[in-house]
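Q: Input: one structure, supplied below.
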Amino acid sequence: MAHLLRTSFVAGSSPSLRRRPFLQLPFHPRRRSLQPHATIREIFMPALSSTMTEGKIVSWIKTEGDKLAKGESVVVVESDKADMDVETFYDGYLAAIMVDEGGVAPVGSAIAFLAETEDEISEAKSRAANVSSGSPPSAPPPEKIPENVGAAAAPVAAAKPASVVVASTHPASEGGKRIVASPYAKKLAKELNVELGAVLGTGPSGRIVAKDVEAAASAAVLKSDAARSVSAPGSSVQPPPSLELGTTVPFSTMQGAVSRNMVESLAVPTFRVGYTITTDALDAIYKKIKSKGVTMTALLAKATALALAKHPIVNSSCRDGKSFTYNSSINIAVAVAIDGGLITPVLQDADKVDIYSLSRKWKELVDKARAKQLQPQEYNTGTFTLSNLGMFGVDRFDAILPPGTGAIMAVGASIPTVVGTKDGRIGKKNQMQVNVTADHRVIYGSDLATFLQTLAKIIEDPKGLTQ
């Protein structure tokens, strides 16, 4: 992380004021030969992961010509898994924006210029035009019309947004002339076609936040559904209007990352081992403590972590094909489907955290994942992965091994099953199927077999999960 010391953007000190994690953007100071003390910084698209080749600008929080103070959020950059708020490390002026909102730029390419003084803005604009055209500008660069970052223009054919009366005005709104909303609320408004000018802000001093946009979008949907039901009673359900059959849709940033990871996993020799586990005792204890906020995901993660503590080889990983690492922590990553992709929030040190704290942490991680607010350490530090489709009634499936980990366990539904008892009678038990996919370079069949035996004992006698 040493390279982050030479950047134009760093983390702020008040994370509660941000809706997304932030990131530091690299820059290279360029000094003018005639004024050695003046500095214009060329801001580059950062590499948010080792596999990232390009990045997308979600939104510019500041516009060209805005004066910046150290620590202010300037731009939101989309990573593979989250949107990153970027804050300036220097006082100065956002002189020229080279990549507009929604634009994509290769890692390392310039996305904006930061001028140290107001007098340098014109020179920074000239440099931006020069970089864009590839040749010295013959005339002053055209003046960029500042975007209205408060309200997104709706598509011509889009449904009319919900009409909500604004009841409060933020102090920074200049008497209502400027819409004040969080960066994520602005992005969400564009995605859901909600006019921010008609949204009631419930945040601090009337600031519009994400839940306000979601409420407005829901109201619009209900109104639209009611209109359709009146105009076409008894009509059959129609496919989503936004889905055009026969069209080709490019991958989103997250889908591209998932695709690359899945292809990379094909290079790892894997094998699979399945096991049947009786869940009657686990189901019973879950019913007792569910009212205290405990989730089944947290119980399964805790049971898995305790089993891994006794079988460290299953928690190991091989990254270079020449050696493997016994990971010092047991971090359970759990696959979560979100809009437009898949992410694996991580329950760190799951073997050491009590079940109640683990459940609270899991709820927090899921909320952040669906809002694209996870920080990198919250989704890329897993040492073992769980993928659970049991809630959909799936009885068994195989999961693909994530690169850089040793094993992943696919969990099916707990299903009432007729079984033979020890005394020779026929009985009924709730049972679930688990299938583990593992890296065969490090983990062998006997390793998985003994791990699954231990896991079954923990789940079938789960008293230790609540201690």
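Cβ coordinates come from backbone N, Cα and C, glycine included.
Okay, so TrEMBL annotates it like this:
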DOMAIN    40-115  domain 'Lipoyl-binding'
DOMAIN    180-217  domain 'Peripheral subunit-binding (PSBD)'
REGION    124-146  region 'Disordered'
Q: Could you give the number of helix, strand and coil residues in the domain 'Lipoyl-binding' (40-115) as assigned by DSSP?
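A: The composition, in the requested order, is 0 helix, 41 strand, 35 coil.
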Q: Over the domain 'Peripheral subunit-binding (PSBD)' (180-217), what is the model's mean pLDDT?
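A: Result for the domain 'Peripheral subunit-binding (PSBD)' (180-217): average pLDDT 75.
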Q: Treating G and I as helix alongside H, and B as strand alongside E, what does DSSP give for the domain 'Peripheral subunit-binding (PSBD)' (180-217) in helix, strand and coil?
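A: The domain 'Peripheral subunit-binding (PSBD)' (180-217) comes out at 24 helix, 2 strand, 12 coil.
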